[in-house]
Amino acid sequence: MQVPHPVAMGGNMGQLGIQTCESLAKDKPFDPMEPPKRPTGNLIMHSMAMLGREFCYAVEAAYVTPVLLSVGLPKSLYSMVWLLSPVLGFLLQPVVGLASDHCQASWGRRRPYILTLGVMMLLGMALYLNGDAVVTALIADPRRKRIWAITITMIGVVVFDFAADFIDGPIKAYLFDVCSQEDKERGLHYHALFTGFGGALGYLLGGIDWAHLETGRALGTEFQVMFFFSALVLTLCFIIHLCSIPEAPLRDVTRDISPQQAPQDFALSSDKMYQYGSIEKVKNGSVNPELALQGDKTKNSAGQYRKAMTMKSLLRALVNMPPQYHCLCISHFIGWTAFLSNMLFFTDFMGQIVYHGDPYSAHNSTEFLIYERGVEVGCWGLCINAVFSSLYSYLQRPLGSYVGLKGLYFLGYFLFGLGTGLIGLFPNVYSTLTMCTLFGVMSSTLYTVPFSLIAKYHREEQDEKRRQAPGWSLDSDGRGQGLDCAVLTCMVQLAQILVGGGLGFLVNKAGSVIVVITASAVSLIGCCFVALFVKYVD
C-alpha cells in the first residue's frame with residue numbers, strides 16, 4: 001500500500017520531513033532505516049519460489065537423461081547440453097545482477113526478473129518433456145523427426161537450466177532488500193527448508209510408476225504426467241512468492257521527491273542510486289532518508305543508469321570486491337564442485353556400480369532392466385537427501401547458536417566428504433542410501449551459510465565505511481546486493497562447467513566410482529579452506 005508523501009499533506013509536514021532528514025544525516029549519515037520485522041507467513045510465502053524451483057530441478061534430475069536417451073541424442077552432444085547453460089549463466093549472471101540493482105520497473109527491482117525467469121523455466125520444461133511427442137505428431141519422416149526431437153529437447157534443457165540457475169540470485173537479493181538482518185537469516189533457513197521439501201516432492205513423484213495408474217493413462221506418457229505436475233507446482237509457487245512481500249519501485253523516488261525538497265548537503269555521488277534495504281516512502285510521519293537522498297538525481301536519470309550499466313563499471317565492481325567476498329566465492333565454488341560431482345552422476349552410480357547394470361545394453365536385456373532399477377533406487381536416495389536437507393535446515397538455527405557459522409560451514413563440508421568417501425569405498429545399497437542423509441547436510445549448508453555471510457559482510461562493510469567517510473554508500477563502489485548475490489551464484493555455474501567438462505571424461509574412462517571419490521576429496525579440501533580462509537562475522 002502506497003502512503004502519501006508528506007509534501008502532499010502540506011508544506012509544513014514536508015518541511016518537517018526535510019529537517020528530519022538533515023538531523024538524521026548529522027547524527028548518523030546514510031544510516032538506512034531497517035525494514036520492519038516480517039511475519040513468519042510472509043517469509044514462508046517468499047520461500048515458495050525455492051519449493052517450485054527445486055521441485056522442477058528434481059524432475060529434471062530424474063527424467064532428463066531418460067528423455068535425452070529416448071530421442072537418440074548422440075554421445076558427442078552430451079557435453080554441449082550440460083555445458084552451454086552454465087557457460088551462459090557464468091557470463092551473464094553478474095550483468096543481470098547489476099541490471100536488477102538499477103531496475104526501475106513498477107513492480108520493483110527483483111520481481112520482474114524473477115517472473116521472466118520463471119516463465120523461461122516453464123517454457124524449458126514444456127520443450128524437453130513434450131518436444132518428442134509434439135514432433136512425433138507433426139512429422140512423419142523418421143530422419144527429420146529424430147533431428148527435430150533432438151533439437152527441441154536440447155533447447156528445452158538449456159533454457160530450463162539457464163533460467164533455474166539464474167533465478168537464485170534475484171530471489172536472494174529480493175529477500176535481502178525487504179528484510180531486516182534477523183529476517184534475512186530466518187528467510188534463508190525457510191528457503192533451505194522448502195528447497196529440501198520441493199526436492200523430496202519432485203523425487204517422490206519421479207519414483208512413481210505412472211504408466212500403471214489412471215492419471216498416467218489419462219495424461220499420456222510419463223513425461224506428460226511430470227510436466228503437468230511440474231507446471232502446476234511451479235506456477236502456484238511463483239504466484240505466492242511474487243505476492244509475498246511488497247517491493248517498492250525505485251522510479252517512485254524520482255516521481256515523488258523533487259530536487260528542491262531533498263537535502264543538498266548529503267555527500268553522495270550524483271551518478272549512483274542508493275540500492276540497499278526496502279524502500280518505504282514514509283515512516284512515522286517523516287521522510288525516509290533513503291528517498292530524500294535520491295531527490296537530486298531526478299534529472300537525467302536515464303543517462304545516469306546507462307552510465308552505471310557499462311561493462312567497464314561491472315568489471316571494476318567485480319575486481320574491487322573486498323577480499324572476504326573473493327574467499328567466500330572460492331569456498332562456494334569448492335562446495336558446489338564437490339556436491340555436483342556426486343549428485344549429477346548419483347543415479348548412474350547406483351545403476352552401474354551398486355546394481356551392476358549396463359545402460360548401453362539392449363533395452364529389453366536383463367542388464368538394462370537392472371540398471372533402470374538402480375536408477376529408480378537412486379531417485380529414492382535423492383529423495384532421502386532432500387528430506388534430510390529440509391530437516392537439517394530446521395535444526396541449523398539452534399545448532400548455529402552453539403557452533404556459529406564457521407562450525408556449520410565446516411560441518412557441512414566434512415560430513416559430505418565423509419559420506420561420499422564411504423559409499424565410494426563400500427558401494428552397498430543400504431549403506432549408500434544411509435549416506436544420502438549426509439548429502440542433505442551439505443545441500444542445506446550451501447543454500448544458507450554463504451548467503452548469511454554475504455548479508456553480514458554487507459552490514460559490516462556499510463557500518464565501517466560510514467564511520468570512515470560520512471556520506472558513503474556501498475553503491476559508490478558500483479555494487480549492490482543483487483550483483484554480489486549474482487557473483488556468488490556464478491560459482492555454481494563455474495562448478496557445473498568444471499564437472500560437466502572434466503568429470504564426464506573421467507566417467508567414460510574410469511566409471512562412476514571415480515565421481516564419488518572425487519567429490520569426497522574436493523569436499524575435504526573445502527573443509528580446510530572454510531576453516532582457514534573464510535571470514536566470519538559475529
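Cβ atoms here come from the backbone N, Cα and C positions, even for glycine.
Automatic prediction, not curation, is the source of TrEMBL annotations.
What TrEMBL says about this protein:
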TRANSMEM  79-100  transmembrane segment
TRANSMEM  112-131  transmembrane segment
TRANSMEM  147-167  transmembrane segment
TRANSMEM  188-205  transmembrane segment
TRANSMEM  225-245  transmembrane segment
TRANSMEM  333-355  transmembrane segment
TRANSMEM  375-395  transmembrane segment
TRANSMEM  407-426  transmembrane segment
TRANSMEM  432-457  transmembrane segment
TRANSMEM  485-507  transmembrane segment
TRANSMEM  513-534  transmembrane segment
Worksheet item: Is the count of Cβ pairs under 8 Å between the transmembrane segment (147-167) and the transmembrane segment (513-534), pairs 6 or more apart in sequence, 3 or more?
Response: no
Worksheet entry | Candidates 79-100, 375-395, 432-457, 513-534; stretch with most C-beta pairs under 8 Å toward the transmembrane segment (188-205) | 375-395
Worksheet entry | Which of 79-100, 333-355, 407-426 contacts the transmembrane segment (432-457) most, counting Cβ pairs under 8 Å | 407-426
Response to the item:
Relative to the transmembrane segment (407-426), the stretch among 112-131, 333-355, 375-395 with the most Cβ pairs under 8 Å is 333-355
Practice prompt. Would you confirm whether the transmembrane segment (333-355) and the transmembrane segment (513-534) meet the contact rule of 3 or more C-beta pairs below 8 angstroms, pairs 6 or more apart in sequence?
Written response: yes
